[in-house]
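Visitor: Just dropping this structure here.
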Amino acid sequence: MSARRFLFLLVVTSLIAASLAAPKDVQMTKRGTPCWCGQTKGVYWYWMRKCPSGYGYTGNCYHFMGRCCYPAGS
């Protein structure tokens, strides 16, 4: 097998694996994961500088490469 053919098959396999691993549900791509700001439980948003609007967040703290956002009374 030539090196070109091997690289082509590697790229095709990688694209197929990436498409299967991507979430199909729109809601899955828009929600965060649980996190903690000290004693307060929040939602972690990856690669965000500030909390997204429309979710009722009143506070946040920095986490590695993202934000942990929490609503009032959490």
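Every residue gets a Cβ built from N, Cα and C, even glycine.
According to Swiss-Prot, the signal peptide annotation covers 1-21, on the basis of sequence analysis. The annotation disulfide bond is assigned in Swiss-Prot to CYS35-CYS68, CYS37-CYS61, CYS51-CYS69 on the grounds of similarity to another entry.
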Visitor: Looking at the disulfide-bonded residues CYS37, CYS51, CYS61, which sits with the largest number of other Cβ atoms within 10 Å of its Cβ?
Guide: CYS51
Visitor: My understanding is the cutoff is Cβ-Cβ under 8 Å with a sequence separation of 6 or more in the same chain; which residues meet that for CYS35 (disulfide bond)?
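Guide: Same-chain residues close to CYS35 (disulfide bond) (Cβ under 8 Å, separated by 6 or more) are LYS41, GLY42, VAL43, TYR44, HIS63, CYS68.
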Visitor: Note down the number of other Cβ atoms within 10 Å of the Cβ of CYS68 (disulfide bond), including every protein chain shown.
Guide: 25
Visitor: Tell me whether CYS51 (disulfide bond) sits in a helix, a strand or coil according to DSSP.
Guide: coil
Visitor: Reported as an integer number of Å, what is the Cα distance between CYS51 (disulfide bond) and CYS61 (disulfide bond)?
Guide: 10
